[in-house]
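Engineer: Sharing a structure with you now.
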Amino acid sequence: MAKLYFYYSTMNAGKSTTLLQSSYNYRERDMNTLVYTAAIDDRFGVGKVTSRIGISQDAFLFRSETNLFDEINEHLKKEKVHCVLVDEAQFLSKQQVYQLSDVVDKLKIPVLCYGLRTDFQAELFEGSKYLLAWADQLEELKTICYCGRKANFVLRLNDQGEVIKEGAQIQIGGNDSYLSVCRLHYKEKCGQI
């Protein structure tokens, strides 16, 4: 039975690596996957899902105006699709999460979404909010804070490594711009304790 999955975490937990491994597992068994990533995240090249360990795969892009159900349904006219995988799923809109649920419910294709749960201000991203609400299965991918505890928050840093507390929710960056930390160190670094 097809399901909508949401694999969420803070940064540097291996979301893209896990997505790429899942896609590989399907393809190794001669099953087709459709891989999507957000058009606004071009850190490793446009139309690529790339992990920090150096593996990558070409991907279709989704933008705010992309109708994922229509696009996937159109792709089915060319070839069978066994699984849809979405990287950077926090950037999905509410409507796109709904469209992906239709892919599961109407087209009977499993959809695996990978993304951040919250931003640097500990607020849910729109895509994450609706995936947490509507996914059939939720799984947290874990990473650790510099103290060794489970990291479940992310700090945004400036060029000097100082914590930024305000700004736009979306700013594309990697290890140089963000640091995954535990709740205690998030509150401490943000001046909340």
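Just so it is clear, glycine is given a Cβ too, placed from its N, Cα and C backbone atoms.
Features from Swiss-Prot:
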type: BINDING; residues: SER9, THR10, MET11, ASN12, ALA13, GLY14, LYS15, SER16, ASP87, GLU88, ALA89, GLN90; note: ATP binding site
type: ACT_SITE; residues: GLU88; note: active site, proton acceptor
type: BINDING; residues: CYS145, CYS147, CYS182, HIS185; note: Zn(2+) binding site
Engineer: Can you tell which of LYS15, HIS185 has the least company, meaning the fewest other C-beta atoms within 10 angstroms of its C-beta, among these binding-site residues?
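Structural biologist: Ranked by other Cβ atoms within 10 Å, the binding-site residues LYS15, HIS185 bottom out at HIS185.
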Engineer: Taking the Cα atoms as reference points, how far is ALA89 (ATP binding site) from CYS182 (Zn(2+) binding site) in Å?
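Structural biologist: About 22 Å separates the two Cα atoms.
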Engineer: CYS182 (Zn(2+) binding site): which of the binding-site residues MET11, LYS15, ASP87 is the nearest Cα neighbour?
Structural biologist: MET11
Engineer: Does DSSP put SER9 (ATP binding site) in a helix, in a strand, or in coil?
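Structural biologist: Reduced to three states, the DSSP call for SER9 (ATP binding site) is strand.
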Engineer: Indicate the candidate from MET11, ALA13, CYS145, CYS147 with the smallest number of other Cβ atoms within 10 Å of its Cβ, considering only these binding-site residues.
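Structural biologist: Looking at the binding-site residues MET11, ALA13, CYS145, CYS147, the Cβ with the fewest others within 10 Å is that of CYS147.
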Engineer: In the structure shown, which of the binding-site residues ALA89, CYS182 has the fewest other Cβ atoms within 10 Å?
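Structural biologist: Output over binding-site residues ALA89, CYS182: least Cβ neighbours within 10 Å is CYS182.
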Engineer: Please report how many Å separate the Cα atom of CYS147 (Zn(2+) binding site) from that of MET11 (ATP binding site), as a whole number.
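Structural biologist: MET11 (ATP binding site) has its Cα 16 Å from the Cα of CYS147 (Zn(2+) binding site).
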Engineer: Below 8 Å Cβ to Cβ and six or more residues apart, same chain only. Which residues does that give for ASP87 (ATP binding site)?
Structural biologist: LYS15, SER16, LEU19, VAL35, TYR36, THR37, ALA38, VAL49, ALA59, TYR114, GLY115
Engineer: For Zn(2+), what surrounds CYS145, CYS147, CYS182, HIS185 with a Cβ no more than 8 Å from their Cβ centroid?
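Structural biologist: Those within range, site residues removed, are ILE144, TYR146, GLY148, ARG149, ALA151, VAL181, ARG183, LEU184, TYR186.
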